[in-house]
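Per TrEMBL, the features are as follows:
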type   : residues : note
DOMAIN : 380-450  : domain 'J'
REPEAT : 27-60    : repeat 'TPR'
REPEAT : 209-242  : repeat 'TPR'
REPEAT : 255-288  : repeat 'TPR'
REPEAT : 293-326  : repeat 'TPR'
REPEAT : 327-360  : repeat 'TPR'
Amino acid sequence: EVQRSVTDSLAVREQPQESWLTALQEAESFKEQGNAYYAKKDYNEAYNYYTKAIDACPNNASYYGNRAATLMMLGKFREALGDAQQSVRLDDTFVRGHVREGKCHLSLGNAMAASRCFQRVLELDRTNPQAQQELKNASAVLEYERIAEIDFEKRDFRKVVFCMDRALEFAPACHRFKILKAECLALLGRYPEAQSVASDILRMDSTNADALYVRGLCLYYEDCIEKAVQFFIQALRMAPDHEKACLACRNAKALKAKKEDGNKAFKEGNYKLAYELYTEALGIDPNNIKTNAKLYCNRGTVNSKLRKLEDAIDDCTKAIKLDDTYIKAYLRRAQCYMDTEQYEDAVRDYEKVYQTEKTKEHKQFLKNAQVELKKSKRKDYYKILGVNKNASEDEIKKAYRKRALMHHPDRHSGASAEIQKEEEKKFKEVGEAFTILSDPKKKARYDSGQDLEEDGMNMADFDANNIFKAFFGGPGGFSFEGK
């Protein structure tokens, strides 16, 4: 530092000459010791000796400037700002004092005030390279702030995070920039990062309403609504006019109440009311992705109870779109796919579930769906005969008699070649169906989805006429005339 003259340093002190000369010498000694510790990067000791120098000689601008530099190295920019401002109050031509004040303002995120400081430096020293560079840095921060404000309104939160990261390179101690970044991280679903930023600020300032709000916001979006409300209330205690905390608190309470009312109605079997309540809850806050995913899944469960299976599938799909890790929504949708015989879709969902959670239960769900898919791709012999899966032996025989006579080639001998071919195919399928469903062993294998070929049944070589003759007897046992 440029040493201030004895006259400048002690002009306001009314002491005997010998006394203030001694004080000045003592102060200079403390300053030199402070400089030595500063050079060794022992900033705490440097701070102590600069403080002693100030106590001995409180009107010396350079002592405050040196202590400001030390506090800056310790990351205590707000305290450093006070010292830097005091140094230039004592001497408005103290260039380093203005530079340090500007750097403190910039580090704390006040780029406008920083710019004024650096402009004052350039008035004193037109070619000062540090001031020229820092002035550009301050302008860059102002531009990042401007862009971030526009992008926040556009809900382009990724760009806001980018701008704040760039601004924080020049303003590392700015809580305002950190909070905006944390809020955007929360809105992007990057909750651990957002919580980390907010928690760092709360460690330094436990009463910071913005940080409390962001902590609450993270919990709120992670569906920990009760804990979130506690943080919002705490933020409002610190800042009663905090609009964002007020709105979030109101939404959180409303969402919690509607969801609980919907759950209660569902448990009581009042599915229509539960549907209405879940729908109302979904309209409260479209940004709460996790809670809304659960609400869509809950409403899907209601729709499945009401046998509105396609609506249930649609709700589960919306839940998965919001949270693609939501196992319950996949399971609910898969069951609805099973109920609507959309087996390929069911298998896909169960595969996703089993890949995520390899439990015995999930493995069995997948296996069942795969069996049903395999069965669905075979001929449906029950459908061919027109009977249900619980049909008795007599019902199967009656159904065969009716269908075999209906599709027998002799009945359609006068029809076109195309119709004859189609009826012959159906006649053969009716014989196949009867052969399988009238044999308890084959029927059991067919119902379980096993391959019938293992029983030696080759349907490609099957002769339906042999079954027909065995059932009705030889020639003369039946006649199509007059029918």
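Using the three backbone atoms N, Cα and C, a Cβ is placed for every residue, glycine included.
Beyond the ends of the repeat 'TPR' (293-326), by six or more residues, the same chain brings 223, 259, 262-263, 266, 271-272, 274-275, 278-279, 281-282, 332-333, 335-337, 339-340, 356 to within a C-beta distance below 8 angstroms of the stretch. In this chain, the repeat 'TPR' (27-60) does not touch the repeat 'TPR' (209-242); fewer than three CB pairs sit within less than 8 A of each other, excluding pairs fewer than 6 residues apart. Using DSSP to sort the residues of the repeat 'TPR' (293-326) gives these counts of helix, strand and coil: 27 helix, 0 strand, 7 coil. Residue counts for the domain 'J' (380-450) under DSSP, split into helix (H, G, I), strand (E, B) and coil, are 53 helix, 0 strand, 18 coil. Helix, strand and coil counts from DSSP across the repeat 'TPR' (209-242) read 27 helix, 0 strand, 7 coil.
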